[in-house]
Amino acid sequence: MALFSKKDKYIRITPNNSLKSSVSRNVPEVPDELFAKCPACKHMIYQKDLGPAKICPTCSYNFRISAQERLTLTVDEGSFQELFTDIETKDPLRFPDYQAKLQKARQATGLHEAVLTGTALVKGQRLALAIMDSHFIMASMGTVVGEKITRLFELAISERLPVVIFTASGGARMQEGIMSLMQMAKVSAAIKKHSNAGLFYLTILTDPTTGGVTASFAMEGDMIIAEPQSLVGFAGRRVIETTVRENLPDDFQKAEFLKEHGFVDAIVKRTDLRDRIAHLVAFHGGVS
């Protein structure tokens, strides 16, 4: 018989659940909205350092902002009068879960649809204004978006106003099928009438502007300006590369690439847009 028993290789520890719960309660929690990660430089940024314009202090990347934030940055305080808020989609295809998706987007954004339309003053210059919000079903263009923008141009013709549109969209709204594609032609016809009346139309391309919006009113302005590094295109990069069987340049479909090739007139910093809009509208016979 051995004098000494063999020792275990490991020390058994019984977990103390009460200690674990006590420690977890004392760990501070950081609110999700306190910091933002820049998609460009990958730096973590304290939200307050972004400022109201939501521009990365490290690399100057322009974060996507809501229509309401854009409105605050652009127009004279208290001058905006919203129009055409009573237009509703007829949901022509009875697309599954479409109404639920619309309701969710309305609750998340505070908007009734993907575009905010109305009249406003920008440094004293009166104009008709539309701002698309990519947070609302990616600002896809359905019948309501098309109708609101068409009516805005009709109002601008009757009141002799310039039109300014901030574009941001993933394209036509698939839940409305061919009816969404019809909006491209309808809005373009209204733009033509506005142009024939000798009135000024300015488009401002923001990230992202793609699909049917790019193929219609986004690229039909008398002047086309864009925010830095905005994604602007029709089809997606992978679709194009697969179709043409070639690798595209790294900066393909960026605003700077489009300016270099003559599709955009100017790249303007977000913080300078208000001054630039007022200057261009006044230069083209604006209304004050």
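Just so it is clear, glycine is given a Cβ too, placed from its N, Cα and C backbone atoms.
Source: prediction; values computed, not measured.
Copied over from Swiss-Prot, here are the features:
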- 34-288: domain 'CoA carboxyltransferase N-terminal' (DOMAIN)
- 38-59: zinc finger (ZN_FING)
- Cys38, Cys41, Cys56, Cys59: Zn(2+) binding site (BINDING)
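Where Swiss-Prot records a feature, it is marked here on the structure.
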residue	record	Cβ within 10 Å
Cys38	Zn(2+) binding site	18
Cys41	Zn(2+) binding site	13
Cys56	Zn(2+) binding site	19
Cys59	Zn(2+) binding site	13
Zn(2+) site, defined by Cys38, Cys41, Cys56, Cys59: further same-chain residues with Cβ within 8 Å of the Cβ centre: Pro39, Ala40, Lys42, His43, Ile45, Pro57, Thr58, Ser60, Tyr61
Local backbone state of Cys38 (Zn(2+) binding site), from DSSP in three classes: coil
For Cys56 (Zn(2+) binding site): DSSP state (helix, strand, coil): coil
Across the domain 'CoA carboxyltransferase N-terminal' (34-288), average pLDDT on the 0 to 100 scale: 95
